[in-house]
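Feature annotation from Swiss-Prot assigns Zn(2+) binding site to Cys366, His417, His544. Sequence annotations record features per position, and here Swiss-Prot assigns domain 'TGS' to 1-66. The region 'Catalytic' annotation in Swiss-Prot covers 261-567.
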Amino acid sequence: MSTAASPAPAAPIRVAAGTTAGAAVRDAGLPGRGAPDAIVVVREADGRLRDLSWTPDADVEVVPVPADSEDGRSVIRHSAAHVLAQAVQDLFPEAKLGIGPPITDGFYYDFDVPRAFTPEDLEALEKKMRKIVKDGQLFERRVYESEEEARRELANEPYKLELVDDKSGDPEVMEVGGDELTAYDNLNPRTRERVWGDLCRGPHIPTTKYIPAFKLTRSSAAYWRGDQTNASLQRIYGTAWESQEALDRHLELIEEAQRRDHRKLGVELDLFSFPDELGSGLPVFHPKGGIVRKELEDYSRAKHLQAGYEFVNTPHITKEQLYVTSGHLEWYADGMFPAMHIDAEYDADGAVRKPGQNYYLKPMNCPMHHLIYRSRGRSYRELPLRLFEFGSVYRYEKSGVVHGLTRVRGMTQDDAHIYATREQMRDELTSLLQFVLDLLSDYGLDEYYLELSTKDPDKYVGSDEIWDEATETLREVAEASGLDLVPDPGGAAFYGPKISVQVKDALGRNWQMSTIQLDFNMPERFELEYTAADGSRQRPVLIHRALFGSIERFFGVLTEHYAGAFPAWLAPVQVVGIPVADAHIPYLEDVAAQLRSRGVRVEIDGSDDRMAKKIVNHTNQRVPFMLLAGDKDVAAGAVSFRFGDRTQINGVPRDEAVEAIVGWIVERRNTAPTADLVKAGAGT
């Protein structure tokens, strides 16, 4: 989830045949090493990035790529990964190299070493890296004449040897790709002798001095190529930026992100947990978390009813044939839990008397919704038919990628499937996108852009013509929204292209949230039909959509967005009464009863803690409204407000206090209440 902005694209420059891209950059007077916007590579018209040492055979127009752009940072981080690998092999000569790609906001490199890296190791490696950067080693591209030459050179690097034969197109495998097998050598800038090298397709910065700021952040175990049947390696993570200022901002952001980590807040606020007895990626929600979750669902349910959705419910398991028909077993089996073979009957000798059947936990709700549609004849007058379900699904995620609530194995989706005529398709998509954006805004998420995921040429069903029509329709609807639209080539599910809403949180991080998929294929596979106005039988168009993605993921994102301080309408405890002394508890109980009668969630703190301690405790629990009462308040029939920002309003008549609280909640304000805001709302 990248948070840094990219500059506007630079104007193109011309590189003359037989000269380097770097020379053209210098001749154009563009920024060089040391500037945050230093040009680090250039981009050809087809999007390919080239080193500044690249020499074209013919005159060519290229776009300079600065260090403070997304691509520029990616190149710097990839080069920093090489510097890390060199440092590791200098300090740990027995280390074997895995892969080392740039990733969002950083990079990593995997190593096969005898033991795990320690914090002291990372300090030593960082020191070694600083020396390599200071030396200004040159990055030089070298083309292997043959695979045999590469294998001879890499004979002592078993993981690199495996990559020589790699044809997967994995974007994290920076070692190979394109039509050439290449290495990047690090050269002594004075003697040009080779100091170190790595199998790599590039591109890279000109010298190590183009890495102005970096830091190693942590290490962990990681399976080779993410496959738990492979060797367990040690992965070192780091980050690199175009300036020390940018790095410092990023590290501050990391610190704040750690403070907001929903896994940490889930424990501190008693919202949810992940019991070992249940297994990885299977959360349980505690009573307070259950309240937040219910509020999320109830509001969504009400909005869907207003929008004309019809609620359905489907089971958690199904016979195998359903996912044969849908294509999931052919295209999505790796994401499904293993089959359960049940209903077999055996005789006394153990021989099968009646064969059983395979059942699966459902990874998606859509096939079951299609059965509901198909359960009787449908008329064009019924369309669009919008079926909605809070449906539980189960997906096999590798243990290494399971992460809190945002990547789980058991989840509940706010899943809808809309069956429409082709003539209704565009208007339905347009209104659906607006419905999604409005509902996200109601939860306080109102900064977003759109991403258009198109077909994976190796993993799709249906004709190219159908895919082209679906993709173009989604593109037109997305562009008409006025939001930024970013391409995601090959990112679609096997049955149709999709628009995803990428939401920006309070820290500026982007999260994939809602998805809208247009599908012409499933109606064919399930033989879905409706009777048209002319009496003919027609196929409906299918729209898949999930607004939250999953309830669990949305819960996790909101927890971090609000740092656990949920808006009052979502908060598990909306008001807490804090007496100055025990004698004031009955009075606060009366106020609490008044609030409860209006649907407000209230607690009274009658513990033995001192009042100051109680205020600290409930501030830490992110309770939006704290009501204090002492002798003067009781005598005046009033209460005093205390807020999380330490502001306070004293002596508010209790009826006014109740109305202020109820009004704040009913209006679903997503800002935290403060003394000034409550006074303004009450007109005082």
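Heads up, the Cβ atoms here are built off N, Cα and C, so glycines get one too.
Neighbours of His544 (Zn(2+) binding site), defined as other CB atoms within 10 A of its CB across all chains, total 22. Taken together, the residues in the domain 'TGS' (1-66) have a mean pLDDT of 89 on the 0 to 100 scale. The record gives Cys366, His417, His544 for Zn(2+). Within 8 Å of the mean position of their Cβ atoms, the other Cβ atoms in that chain belong to Met364, Asn365, His369, His370, Asp415, Ala416, Gln517, Asp519, Met522, Leu542, Ile543, Arg545.
Around His417 (Zn(2+) binding site), a 10 Å sphere centred on its CB holds 25 further CB atoms from the protein chains shown. In the structure as shown, the Cβ atom of Cys366 (Zn(2+) binding site) sits within 10 Å of 25 other Cβ atoms.
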